[in-house]
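These features come from Swiss-Prot:
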{"type": "BINDING", "residues": "Gly173, Arg174, Ser175, Ile242", "note": "NADP(+) binding site"}
Amino acid sequence: MGARVIDGRPIAGELKKRVASEVEGLAARGVRPGLATVLVGEDYAARAYERRVGGLAAELGCRYVCERLPREAEEADVLAVVGKLNADPRVSGILVLRPLPGHISEPAVFSALDPLKDIEAVHPVNAGLLALGRPRYVPSTPAACFYLLDRYLERSGRPPEEFYPRSTVVVVGRSNNVGKPAVSLGFARGAAVISCDANAYRAGRLREHTLKADALIVAAGVAGLIDESYVREGVIAVDVGINPVADPGGSGRTLLVGDLDFGSVARKAEALTPVPGGVGPITDVWLLKNTVAAGRGLAFRARSGGERGAPGISGGYGGQ
């Protein structure tokens, strides 16, 4: 029996209905969540993502604005835009699109965000809360990985809260936006978690780690990095990679492929995600889910007249 392909689109559709219902509920109380993106330069992937989330925000009934700056903009210009959005009561969530140009400090920009509006948990306070298992917001891509895994497990008759404590989750990639948060989410579910990256590959030890995986999350940004020799029979593999490659058929088109060698891994896996159409659709909706949660929290703060602490939106299993 071949591996099951986990299509993320219907899962994203179900999540989108939940988020839309939350937006309607807030609207009935006079609250309209608002998402703002900050785009510096003309990076193709960042522009494409901005268009997607902007369209989704409009579809769900959220306010949306994109602040665009030229690549030559100074760091002070970006910080000024962030400060303006922090102060705007119509904006509940802010996403600074990456990559930023090399002359602009990501830590400086991320640290300037209002933590209550930092829906990707890049502010040091929010990143720390996530690492402590008390997240204010869970970053959208790692959240999407585990949301997809949880739904797949449930539909195959395995409660996630029973699966993870008996399983090893291996995360390939240690980026601040995917790999490291994914490790924290694995720990929050009670799994044994192994984190590895390019250093393990260069040392010739990546395979010995990935062969231990019951669930494998690959976010290395290397096309076809993981083939069947890196996985054991029955693994559940989640591919976060989005790598543009030339069509091997010679059409001249550019194709998007993941970090898994899909056909090879499918010979041994129980299930795996495609690229595109796996994690990506859920990631987009999760960003708006965080925006709506931020809008709800800011409305509560305005009514109560004070600062609120971290609400623990996704502590343990509750938020996912």
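Our numbering is plain: 1 for the first residue shown, then up by one each step along the chain.
In case you wondered, yes, glycine gets a Cβ from its N, Cα and C as well.
Cβ neighbour count for Ile242 (NADP(+) binding site) (all protein chains, 10 Å cutoff from its Cβ): 17.
The secondary structure of Gly173 (NADP(+) binding site), as reduced to three states from DSSP, is coil rather than helix or strand.
Put simply, the two farthest-apart Cα atoms among Gly173, Arg174, Ser175, Ile242, the recorded binders of NADP(+), are 16 Å from each other. The DSSP secondary structure for Ile242 (NADP(+) binding site) is coil.
Cβ crowding, taken as the number of other Cβ atoms within 10 Å, peaks at Gly173 among the binding-site residues Gly173, Ser175.
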